[in-house]
Amino acid sequence: MGSNTSPGQADPLESENESSLTSRFLPNKRDGGKDNESVIPEKEEPDLNEPVLAVPLPKSRYALTKRSSSSEYPRRSASTSAKKNVIPITRSYSTTFFSKTNDQPTVTGNQDKPISRLRASKLQIQNFWNYICFELLANDTVPANPIKEKHVENFLATPYAIEKTFLFGWFVSVDSFLYIFTLFPIRVLISFFTLSRCIFQGLFSTFFHRNSSPNRSLPRSRKIDLLKLLLIFSTSILIRKIDVSRLYHIIRAQASIRFYVLYNVLEIADRLCCALGQDVLDCLFSNHILSFNFWNPAGWMTFFYYFAISLAYMVLHTLVLLYQIITLNVTVNSYSNAVLALLMSNQLVEIKGAVFKKFEKENLFQLTCSDVVERFQITIMVIIIFLRNLAELYTTSSLDQPLLTFKRLKTLLAPFFWVIGSELFVDWLKHAFIIKFNYIKPSIYSRFTDVLCHDYVASGAQLTQTVTGCSQQVARRMGLPVLPLVCVFIRTSMQTWSMFRSTHSMKQEIAKSIGTIFPTKDNYVYYLPNKEANTYNAGKEASWETLLLSVVRGKSGIAFLFFMAIMLKLLLGKAILAITQSRYESMQQREEKINSWERERKANNFFRGHIEIDKKTKDFLNNSKDDLPVPKSPLLTLERYAMHSKRIW
């Protein structure tokens, strides 16, 4: 190829771009004002034995970058600039020949700059017919991309991976919830016995001036048990006067848009209460609040101050959960599908708020814990609503018909399947897209399970420091509001139980009175409000609901149910402990290879939101083996749905 061979000082623009296409192929000037004879490359004759491709090329756009203004280059004289500006830049097209054996193109004609082989291979569209042929015959083959194939595999594998973590967290939440109704009453009895012994020893040493025991103070774990019992009992008494039926009809009378706003407000209030309540209860159960001298007034003032704040939180959070249950009950019992559609659309909006954001592993762990807690809360709400609707159905049913039939079960359970099914679908879709956009492998959820297993095993190994049980420690990390859920369950269950008992007693009295008036063999007739006669067979009354109510009514029945609940709690806790120990041993073996796990937790944890993320857990979660290679995304290759910053817009 030809090149400029003029001596003297080179142009400033050309000295900066000596390797550029412009400085190599455009004409250059000397400072003396004479044109430099540009060397035009000689036309090489193509080999006729080799096939060639002739492509017409347009004028290069790089010719426009050659500036000749004297104001920009003051060293040049006016004559030099004028002579340079006189040189025309032709728009004629040249023909480039490509040979199979020669990598450099041969330029013929008046050519401003050489072009690459890729640019030369593109056909110039000269008329409309060529454009049509180009559109119809263009090659639309997409090159293979292993990263996108991996994205699709991870997207499809995410639901199975998250369900294993969600299922473990859900069972831990059930174990923590059953703990309050089974083992916690036994711990309270032990705490009362310990308190009585401490009081007796104190009185004995006071009156007889003897030191019967070197340590007469109540252990901190027993104080926490008594405080929990006092909080649950006080909250249940304060919310007892709330008329749930009246609240139900007030919410049901609202318009759909108000109902939608109310549901969102309650959901936000629930999360805020969870974030604040855990800190409040931790302050109340802390060592410096409970460890003070009995005769110290300042210690008592601090204790009552935090107890009042904790009680206010318990009442507020219980009311929020109660309103959520009533709102969900209105949705389930609504004859219009619009309300249920609003509820499901509210769950789908959750995808928009979470998917198009950048997630670190710590944030994904917090989101996973939040979803586990939300799923468990929905389970408790569904059970409460089902029992409530069952009591209403038992109140309005006739005596000669069974309480539960296939048709009634379908009517009762169909809305719950819609609610729970939509929740599962939203969780799967949300986490799958988060995994895709943030270049994370689904194996990260296995590490989340390892973190929860570590908490369970570590709390069980340190029995002297654990005051709330193994499952309670895991529930505390996940942010599960166990005490407010227990309070709202007690409040609704007591009302449902009273409805069952009163309805059953009323039906028995009606059957006896009608049987006395109309004695016909085994059949007794009573009249419904709609004046339709029905036959009631007293000999066949022993249905499952009647048998259950007769058993539970006595003290022996209550003791039997309590024993069954304790056995269920112990079996579930033992199964969870076996799973966590096996995973913990394998986790230690895995982490010893990569040296990314420390076995002892630090005393001061770092809180982010209401889910705990300390430095050790953060280092454990940030493991490079769970990452996918993140390609660099310059502006020319940036795609619409690629996570480049903190959010996808």
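Quick reminder: no glycine exception, Cβ is built from N, Cα and C everywhere.
When SER94, SER121, SER498, SER502 are compared in Swiss-Prot, the phosphoserine annotation sits on SER94. Placement of SER286 and ARG501 with respect to the membrane, taken from Swiss-Prot, is on a common side. For the transmembrane segment (303-323), the partner stretch with the highest count of Cβ pairs under 8 angstroms, out of 166-186, 367-387, 415-435, 480-500, 558-578, is 480-500. Summarised as a single figure, the pLDDT of the topological domain 'Lumenal' (388-414) averages 76.
Among residues of the same chain six or more beyond the transmembrane segment (166-186), those with a C-beta under 8 A of the stretch's C-beta atoms are 225, 228-229, 232, 368-369, 371-373, 375-376, 379-380, 427, 449, 452-453, 456, 469, 471-472, 474-475, 478, 480, 482-483, 485-486, 562, 565-566, 568-569, 572-573, 576, 579.
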